[in-house]
Amino acid sequence: MKHAEVPPPPEAAEAVFGPALEKAHLYARILAGAGVERGLLGPREVERLWDRHILNCAVVGELLQPGERVADIGSGAGLPGIPLALARPDVHVILIEPLLRRSEFLRETIEEIGIDCDVVRGRAEDRSVREEVGTTDVVVSRAVASLDKLTKWSSPLLRVGGRMLAIKGERADDEVQQHRRAMAALGVSEVKVERCGGQYVEPPATVVVGFQGVAKVSQSRSGRRHR
């Protein structure tokens, strides 16, 4: 795959990725090269790859528990799934992407980087995808759609007590208020906004967290990973 030069990893990257820092750096070069070449990333994003994209996704790993199965819906160039897999090698990430060229990029990328992820081509709402993936502990997404649509796609992939993590922007609180009722109707409740990685990225990653089914209270108390 084509590589391109990127700014050196910031100091925070070593703290977030640890021994996987070199793989994270390789992923950044792939995004800047093949990712831009194939239209998965805008060329203007290369200079801010680390803070805006890679680290912003990776810090969400603090909301994961060891051994969890994590589905990334609408994975695109692998964000947030690949940074999460690098930062949290103790979880298993499934990258779900409907477009052929993007799913091929994902397969080539994880093979070159050398990480244990699965790639499933299809839409999260497709029955074939649901049958292949089964139920997961966490469904994560980034800049894919509005919360009501994300809930409709995420909920069938979540086990009872599982969590939906939607990486959002500064209007996340307003969006939660707008869609809370629709999310509850689909079985996702106790919706809240978390800020992650404030010690590593500025601004912190903003994540909408929702819980699936009746086991949500006990899950919410143990869901955050302690560093």
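Glycine too: its Cβ is placed from the backbone N, Cα and C atoms.
Arg142 (S-adenosyl-L-methionine binding site) falls within a strand when secondary structure is assigned with DSSP. In the shown protein chains, 22 other C-beta atoms lie within 10 A of the C-beta of Arg142 (S-adenosyl-L-methionine binding site). According to Swiss-Prot, the feature S-adenosyl-L-methionine binding site maps to Gly74, Leu79, Ala124, Glu125, Arg142.
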In all the protein chains shown, the tally of other Cβ atoms within 10 Å of the Cβ of Gly74 (S-adenosyl-L-methionine binding site) is 21
